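S.K.: I'd like to ask you about the structure that follows.
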């Protein structure tokens, strides 16, 4: 039944892309077909081809090994008790997650400095360019988002942004919003997998696969919602990218570390602010609004005690539970998964993943629901990220600021559809295996 739900969900997502398209007659159905096909092929390769499956597992284990290196640095600075998830004080977010963000930021900067990351990106970009008939710059920008953040990936094509069409800008923005950066992805692996290397490898494989699958999905929905109608300027066929200028590898590491520290501080500050605000709003909803007309009692009885009363999580759950069902979640779990989807879109994915970790520990979700949720939440597709994206890319090409602001919400919608589509495909071809 779950597979048919996901098939129905994919159909609905494509229908939404068509319904809200800026120019339905200009939609390239060849591009749409190849976008879906690339997602399906990726899932089939990872789930059904032994050599690819084993290779992907090796990559995931290597990713977990990198996490252990980050933990060594954290232990050296903060000590065993604070930096070890198995220490006397248990799992402390600041000391177990944020140092990983810093390490991966420095590591990514090092790979970028030596040109290794760019070469990997070009391979993915070439596949998407050939199959989906994209221009070189937009292919590189989207492929770069598989590994880099929403404001770092556009640096690969910085010289070309000022001449991009609205459709190309849409594709680049959607790619940024539909992915996670490598540093943040590593953090999610840490607290989803806990201290168990096998669990870390499992979640690493899900998040890495979702990052790759989200690329064709982002292109698919970006080109549906805002098809290419302008005549492509010449010189966009080749893969040319900005090599970056860190001077030497020491400078690259230092700059990457500084960027990582900045990101870690922002993450910590945002979590403190949002978790506190959510607690405040939930208190008001539960003790003020919820006491009116017996709303709390009604919610407790209708959810069998799963929710104590009226809360933001409950409101999000009701608002998004139909979507949760459409991507393959069993109806009895849709209130919880719908809550995660709502938190991810309205607040951010970090808060949603923290709540997923809590639900997982409490045994509120089945394995299938956990897998689907992990894929569905794996992107920066939320309202605050739109502002970051517009400001970041706009600073590279001030002449495009107006276009970026105009298509921001459309790009967010495309990124949300892309993430949900990836969750549907994963449920059909990966978990069902």
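Note that Cβ sites are derived from N, Cα and C of the backbone, with glycine treated the same way.
No curator has checked TrEMBL annotations; they are predicted automatically.
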S.K.: Which one of 203-226, 227-250, 299-322 shows up in TrEMBL as transmembrane segment?
M.R.: 203-226
S.K.: In TrEMBL, which of the ranges 346-368, 369-391 has the transmembrane segment annotation?
M.R.: 369-391
S.K.: From 55-71, 72-88, 89-105, which range did TrEMBL mark with transmembrane segment?
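M.R.: That would be 89-105, per the transmembrane segment entry in TrEMBL.
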S.K.: Restricting to CB pairs under 8 Å, which listed stretch, 89-105, 203-226, 369-391, 411-431, is in contact most with the transmembrane segment (263-285)?
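M.R.: The listed stretch sharing the most Cβ pairs with the transmembrane segment (263-285) is 89-105.
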S.K.: Take every residue in the domain 'Concentrative nucleoside transporter N-terminal' (8-80), average their pLDDT values, and give the whole-number result.
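M.R.: Summing pLDDT over the domain 'Concentrative nucleoside transporter N-terminal' (8-80) and dividing by its length gives 90.
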S.K.: With the transmembrane segment (369-391) as the reference, which stretch in 89-105, 169-191, 203-226 has the largest tally of C-beta pairs below 8 Å?
M.R.: 169-191
S.K.: So if I exclude everything within five residues of the ends of the transmembrane segment (203-226), which remaining residues of that chain have a CB under 8 angstroms from its CBs? That is, six or more out.
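M.R.: For the transmembrane segment (203-226), the sequence-distant neighbours (Cβ-Cβ under 8 Å, at least 6 residues beyond its ends) are 13-14, 17-18, 20-23, 27-28, 31-32, 34-36, 38-39, 42-43, 46, 56-57, 59-60, 63-64, 124, 128, 132, 134, 138, 142-143, 145-147, 166-167, 170-171, 173-175, 177-180, 185, 188-189, 192-193, 371, 374-375, 378-379, 407, 410-411, 413-415, 417-419, 421-422, 425-426, 430.
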